[in-house]
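What follows is one structure encoded as structure tokens, with my remarks underneath.
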Amino acid sequence: MVDHQWTPLQKEVISGLSAGSVTTLVVHPLDLLKVRLQLSATSAQKAHYGPFMVIKEIIRSSANSGRSVTNELYRGLSINLFGNAIAWGVYFGLYGVTKELIYKSVAKPGETQLKGVGNDHKMNSLIYLSAGASSGLMTAILTNPIWVIKTRIMSTSKGAQGAYTSMYNGVQQLLRTDGFQGLWKGLVPALFGVSQGALYFAVYDTLKQRKLRRKRENGLDIHLTNLETIEITSLGKMVSVTLVYPFQLLKSNLQSFRANEQKFRLFPLIKLIIANDGFVGLYKGLSANLVRAIPSTCITFCVYENLKHRL
């Protein structure tokens, strides 16, 4: 029996899709916590809203609705799982193709390719940054409708008035109340937020190639250990998330139910948040996001690197 040989693009898509799915299953409750903290930034009544207040609210909603706390914590799992699997699969596929295209457009004639590693060993941070940005822009545009529905589902308890009961119900209600353009709410800050992924990949792949280069020079297996993956992932994510977090917060608020009720627009929304909490309001929920983002990205990239290595 002949082993199936996956193409580089297939490896990227399969590894990315699998990594996104596994990560979502593990950290979904933290994602829900992050969304609700971000949405509290536009509420004067919730100016001092923190993680424990969100948890108390979830427990209270659970008691009122008769649903278990676990069900409340995993509200919106289906669409989050679907969205992250699609987004990571598309992103990794596009990123792998795009960085090769950019490299080949600037490479000198006669540049060599090492067996099994593509041209990554010849690339620099600018190529990773450019590939990450262009791939992120395309992925953000393709998946924005999913994130609008996800944000609205996760921002409310199932028993709340007007809450979406499912993905299908969410699409129906959104099209009825907001029209087709409602599917693209929050796209502008989402496109600016693409810089987070681009910065992350610039840091991650640059550090990764340095480690692999040393392994290659010492005749070792050209593959990151899980500990090495966690090390460079944590550093890259901490830097990138902190720098562009306000765009994530703005996107979540523009995609929420409250955005439709109060007719939020980007610049008035920024003014409202600053009026409620000052400039620090643009970073509301950052600590919870880092607690979620760093472990989740470590899981994503450990699954991605290991699966890609074995395909």
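In case you wondered, yes, glycine gets a Cβ from its N, Cα and C as well.
The repeat 'Solcar 1' feature in Swiss-Prot is assigned to 7-101. Annotation source Swiss-Prot lists repeat 'Solcar 2' at 123-210. Under the heading repeat 'Solcar 3', Swiss-Prot lists 224-310. The transmembrane segment feature in Swiss-Prot is assigned to 13-33, 77-97, 129-149, 183-203, 230-250, 266-286; the stated evidence is sequence analysis.
In the repeat 'Solcar 1' (7-101), helix, strand and coil residues by DSSP number 83 helix, 0 strand, 12 coil. Secondary structure of the repeat 'Solcar 2' (123-210) per DSSP, as helix, strand and coil residue counts: 71 helix, 0 strand, 17 coil. Note on the repeat 'Solcar 3' (224-310): DSSP counts are 77 helix, 0 strand, 10 coil. Counting same-chain residues at least six beyond the ends of the transmembrane segment (77-97), those with a Cβ under 8 angstroms from any Cβ of the stretch are 8-9, 12-17, 19-21, 23-25, 28, 31, 131-132, 134-136, 138-139, 142-143, 146-147, 149-150, 153-154, 166-167, 170, 197, 201, 300, 304. Taking Cβ pairs closer than 8 Å, the transmembrane segment (13-33) reaches residues 6, 51, 54-55, 73-77, 80-81, 84-93, 154, 288, 291-292, 295-297, 299-301, 303-305, 307-308, 311 in its own chain, all 6 or more past its ends. Restricting the average to the repeat 'Solcar 2' (123-210) gives a pLDDT of 89.
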